[in-house]
Amino acid sequence: MRSDMIKKGFDKAPHRSLLKATGLKDEDFDKPFIAICNSFIEIIPGHKHLNEFGKLVKEAVRAAGMVPFEFNTIGVDDGIAMGHIGMRYSLPSREIIADSVETVVNAHWFDGMICIPNCDKITPGMMMAALRINIPTVFVSGGPMAAGKTSKGDVVDLSSVFEGVGAYQSGKISEEELKDIEDHGCPSCGSCSGMFTANSMNCLCEVLGLALPGNGSILAIDPRREELIKQAAEKLKILIERDIKPRDIVTEEAIDDAFALDMAMGGSTNTVLHTLALAQEAGLDYDMNRIDAVSRRVPHLCKVSPASNWHMEDIDRAGGISAILKEMSRKEGVLHLDRITATGQTLRENIAHAEIKDKEVIHSLENPHSEEGGLRILKGNLAKDGAVIKSGATEVIRFEGPCVIFNSQDEALAGIMLGKVKKGDVVIIRYEGPRGGPGMPEMLAPTSAIAGMGLGADVALLTDGRFSGASRGISVGHISPEAAAGGTIALLEQGDIVCIDVEERLLEVRVSDEELDKRKKEWKRPEPKVKTGWLGRYAQMVTSANTGAVLKIPNFD
């Protein structure tokens, strides 16, 4: 066993003595040592219940004949960090999480790992670590939150609250109505109830094969989560016995399938960023062109909030992720069904008995929302290395208009609230990319303000930053190269005409190459917004969004 490094031989007597101080007995040294990587954090509603959840995981690991050791990672709640400097720490926290898990697990030579993530950057951070460490691993997340209901009976979620702010600002609802939405938008523990980033990544974790069937959709408050925990411990023991590791599971074909599910469900645009980062950790050469190819062959079968009033509890009721995958598998060439997963079985075996129980929630191949996926990769002179749009969250397929430019999210939000943006405009928020932000902050507050003011179908928003999974409308993010790297978005001037063509996958500015070259020669890179601390270091090391915004190791040669 890998853990023999710290527990076997006469020279490991000091190690065993220390381990006995934690409560271990002599008989425990013949069992696998399992890292329980938890993320219990009281300020994050999706993680508040994970302290008790972790205890259940440890009990299940002991029952399976292994020895659990629990530790915690950090985390950032994107909703609470939204709209202020705290959001700059969200994406960088993914790297800290990955590094901290690597540190604890490799320093102590664990034989296997169970990861307990749930929200925002915590799931992808742990997934990156699992691929980097490459020991047998199973993920079991905390589960989605239930949707809420206002006193009037309206179904609401976190995106409803953000959009309520814009609606109140524009006089569409009263302060009492906003308070009603606020009080009922997040009614329980769990990851926010729509197809936002947390739930998108937990669903992708399931199809990648790192988590068990049901992981993405069973609610946090559902007793079936406890059964999932027991199964996770039992399956981990099998993975250890068969020496099946994350890099055996997360192949190019698995990533294809993850993006295929993402396209079928119209998941968060953040999944592109995180899954590209996973490919980097797995040593795979996977780029945005391959994502676009997946998008072209996968129909859009589900619309989940913010694209509709359906939530994760409805997906679960309708058959869960397995039912979606089973329906997708009917179309030849969409999924790779014979690859291994954390169950110890193939994807084909995992979904064999699944079925759609509500075809209003999960559409059939014969009745898709669209013939192509709910996420699309756009390219053009404004995004030579690519950009991402959640096409499933807008009915608009082509938009052209003059740009209104803001050099930060704060500047943009103030401008939107002051009425500087009107119908037909293209809002540009730049210098908010991985390096320029730094940290590539999410733009939920501006998109929600636009939607709340009733302009969601009449105003486009383009940025080198990111969007929350709760964003909707004509929102194009991840524009690469970013402004801080001298990308075309940095060269735009007020009133330039920008064209977004979702059908043709184009993102263009109606300015000649000669004029753009002239502007590039005159452009000067702004001073970094942050020069010290973690964000200062991050800005110096982070790469572009089109490669997952991973950190690069400095070359000292």
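Cβ atoms here come from the backbone N, Cα and C positions, even for glycine.
Given the structure is predicted, the values throughout are model-derived calculations rather than measurements.
Residues or ranges marked as Mg(2+) binding site in Swiss-Prot: Asp78, Asp120, Lys121, Glu442. Annotation source Swiss-Prot lists [2Fe-2S] cluster binding site at Cys119, Cys192. Swiss-Prot lists Lys121 with the feature N6-carboxylysine. The active site, proton acceptor annotation in Swiss-Prot covers Ser468.
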Quick one: which residues besides Asp78, Asp120, Lys121, Glu442 have a Cβ within 8 Å of the Mg(2+) site's Cβ centroid, in sequence order?
Val76, Asp77, Ala81, Met87, Ser90, Leu91, Cys119, Thr197, Asn270, Ser468
Sort the binding-site residues Asp78, Lys121, Cys192, Glu442 by C-alpha distance from Ser468 (active site, proton acceptor) and give me just the closest.
Glu442
For the C-alpha pair, I'd like the distance in angstrom between Asp120 (Mg(2+) binding site) and Cys192 ([2Fe-2S] cluster binding site), rounded off.
10
What kind of secondary structure is Asp78 (Mg(2+) binding site) part of, going by DSSP in three states?
helix
For Cys192 ([2Fe-2S] cluster binding site), the one of Asp78, Lys121, Glu442 that lies nearest, given that the binding-site residues are compared by Cα:
Asp78
Measuring Cα to Cα, how many angstrom lie between Cys119 ([2Fe-2S] cluster binding site) and Asp78 (Mg(2+) binding site)?
9
Same chain, 6+ residues apart, C-beta under 8 Å of the C-beta of Lys121 (Mg(2+) binding site), given in sequence order:
Gly75, Val76, Asp78, Ser90, Leu91, Ser93, Arg94, Ile97, His274
In DSSP terms, helix, strand or coil for Ser468 (active site, proton acceptor)?
coil
Would you identify the secondary structure of Glu442 (Mg(2+) binding site) according to DSSP, in three states?
strand
